[in-house]
């Protein structure tokens, strides 16, 4: 058992949830595309970024906590 690789369950569940969060990912990517030429540095896509990760967290959290019990 010492040679077995330990798999990060959180990463696994996040990766399985990403296909379910395509809409927030696209919104983030569209925002990044819109502001890529912003020289002022005032525009950002923080809201869209956090929306994407909130979707992933909402999907992954119940399965992850079931494994921790």
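For all residues, glycine too, the Cβ spot is worked out from N, Cα and C.
What TrEMBL records for 8-69 is domain 'Ubiquinol-cytochrome C reductase hinge'. According to TrEMBL, the disulfide bond annotation covers 17-59, 31-45.
It is 21 Å from the Cα atom of residue 45 (disulfide bond) to that of residue 17 (disulfide bond). Counting only same-chain residues six or more apart in sequence, the Cβ atoms lying under 8 angstroms from the Cβ of residue 31 (disulfide bond) belong to 45, 48. Annotation for residue 17 (disulfide bond): same-chain Cβ neighbours under 8 Å, separated by at least 6 residues, are 55, 56, 59, 60. Counting every protein chain shown, the number of other Cβ atoms lying within 10 Å of the Cβ of residue 45 (disulfide bond) is 18.
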